[in-house]
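The structure appears right after this line, and notes come after that.
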DNA sequence: AAATTGAGCAACCGCATTCCT
DNA sequence: GAGGAATGCGGTTGCTCAATT
């Protein structure tokens, strides 16, 4: 690994953290809070850069971290959220209390990705692998359309597909309900996210997807939804919750980050379904 | 028993964004 | 508004360890 430029300048330590270093950092932040990260190492008596201290705290020392393996519910939620949010690990992590973006990213790259591939699902597009070519052409059309913001009708909270023949087959089973009155992009009241779990262990039907392109879309979609071992319902309470930490794509704090790019993606993922 | 391979994880890097002067 | 510092994020690398040959 290369060394941070700041670490070169100050001859700072790098690599794995020793228990002593952990203790110093933990003690310091417990007593004083982290404040300005760049000053933490000096004040805590560590020969590390602030960036390294921040990462160590967030990924390992934070007291609210959940330890241990990911449950199937968590894994399922990650898949569903990834279908909507893509590689926005920090946003995904915000919806999984006690889990870090790094942890989720590692899990995705080392485990979930392979499981999806094994099931014949493209981990990037969340579609059957056989549809990749078609998907590429749709992606191209979508990126072209994103250059034309007037194609979106954001005012009423809905997303128009601008006349594209949206034969998108995969509907993430997270159901993102729109704001009640469809007049803003923020969330009020109680939102309901319905998560159903793909059956990781079952390979039945996988090959048939590849052999029967005609029926493939509908079949895959139904199977994706019906094969679930169970459904988990995640309730996201209120706008206040969103703005405090658990931000959903349309929440105020995230809205500018979401539109129109994310709406495009969401519209695509939902097969042109109006939100 | 030694060597090889692969999975899982921790940490770093570079870039983008935000904050501050 | 400009420029530098601080922070946050996603991609990537490299280490460890268990399983396999």
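Placement of Cβ uses the backbone N, Cα and C atoms for every residue, glycine included.
Curation plays no part in TrEMBL annotations; they are all automatic predictions.
Per TrEMBL, the listed range annotated as region 'Disordered' is A:181-211 (candidates: A:181-211, A:212-242, A:243-273). Residue counts for the domain 'HTH myb-type' (A:66-116) under DSSP (helix as H, G, I; strand as E, B; rest coil) come to 35 helix, 0 strand, 16 coil. For the domain 'Myb-like' (A:9-61), DSSP puts the residue distribution at 36 helix, 0 strand, 17 coil.
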